[in-house]
Amino acid sequence: MGILFEVLKQDSRTRARLGRLTTPHGVVETPVFMPVGTQATVKTMTPEEVRDLGARIILSNTYHLYLRPGHELVREAGGLHRFMHWNGPILTDSGGFQVFSLAPLRKLSDEGVEFRSHIDGSRHFFTPEKVVAVQEALGSDIAMVLDECAPYPCSYKDARTATERTTRWAARARAAWNSDGATALFGIIQGSVYRDLREESTRALVDLDFPGYGIGGLSVGEPKPLMYEALEWVIPLIPEDRPRYLMGVGSPDCLFEGIARGVDMFDCVLPTRMARHGAVFTHTGRLVVRNAPNARDFGPLDPGCTCYTCRHFSRAYVHHLLRAGEVLGIRLTTIHNLHFLLDLARRIREAIAEDRFHSLKEQFLAACLTPA
């Protein structure tokens, strides 16, 4: 199966739980936030820096690596871990979301999806089987099935079509997957914001007996209460001994709300994307460091933060770097944002272990005036 997941502690007031995910490249404590390294790199960071910030598992992207440099080249290099000098676990998403959001002129059928590269316009065809083979060539610890992510808003008819196709694709991916190999394969639950579709999707994928389950099709524009409601529909239907992964979600408030409902794994480009646009997480909410009021603020980005940036540099200095277009400005905001989320996940794990998750959640959200 490639992985082993154990629940170590269940919170007494919520569905939050402390877990241990054992993979061929190391052990990961959950709940966990996974930094995103789309192109086999967490933007502006070395692998050692990412690990020193507390990351134990990262995410990379099948669509992008398939197009450039190519999965066969990565295989020749000894696999993705060796290629990018990351010795911890790697999860690769299937590329389905990118095909539907980035690739122009795509054609969808039950067989798979034909698309043109957003890089050079070349024509490609993804099937459920091919996507599994590509991820096995990359050497991922955890691979994701090809799915069809319905947009929001989406009609019930279109959502049903996408959900049923995702289930059929999942069965084909499951059959193609080498379950005796080192790569574990997760199914992806779809269904948009429709309860019956979400529940049908979950039950069908559980019947296929995947090692873990992604919850997809959320954080695509729907109001957050709808996302939280969808989690409440599906999580009770997932076996307790399987990890639950909320895909593409990673703001601090969503971490708390997802974990409270039983989510174990999160990923999101938000910390690195915000950093590139001059914004950072703080304990009172989002701060846009690029904005003029920070030009003469000689305090840290977030008082009390212990990251490298906050220990050495002021808001005024980081503001200056960002305004001047210096790469160091983006590096410093990236370091801070990744530290913020990784340290928050660590604090949440400690709180669950000590059965005080609910109070930590209430305190954090009460202080957060401007959620990301």
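Note: Cβ is positioned from N, Cα and C throughout, glycine not excepted.
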* Structure fact -> Among His277, His320, His336, Swiss-Prot assigns to the Zn(2+) site of Cys305, Cys307, Cys310 just His336
* To do: Kindly point out the range from 178-184, 248-254, 290-296 that Swiss-Prot annotates with region 'RNA binding'.
  => 248-254
* **8 Å Cβ shell about Cys305, Cys307, Cys310, His336 centroid, Zn(2+) site members excluded** => Pro300, Leu301, Asp302, Thr306, Tyr308, Thr309, Arg311, Ile335, His339, Phe340
* **Long-range environment of the region 'RNA binding' (248-254) - Cβ separation under 8 angstroms, sequence gap at least 6** => 33, 97, 216, 218-220, 224, 227, 266-271, 281, 340-341, 344, 364-365, 368, 371-372
* Structure fact -> Students should find that the Cα atoms of Cys305 (Zn(2+) binding site) and Gly217 (substrate binding site) sit apart, in Å rounded to an integer, by 33
* Does Gln190 (substrate binding site) have same-chain partners at least 6 apart in sequence with Cβ under 8 Å from its own Cβ, and which are they? -> Asp147, Glu148, Cys149, Ala150, Ala159, Ala162, Thr163, Thr166, Leu197, Arg198, Ser201, Gly216, Gly217
* Structure fact -> Quick note, Gly96 (substrate binding site): same-chain residues at least 6 apart with CB under 8 Å of its CB -> Tyr63, Val113, Phe126, Val131, Met144, Leu146, Asp147, Glu148, Cys149, Ile188
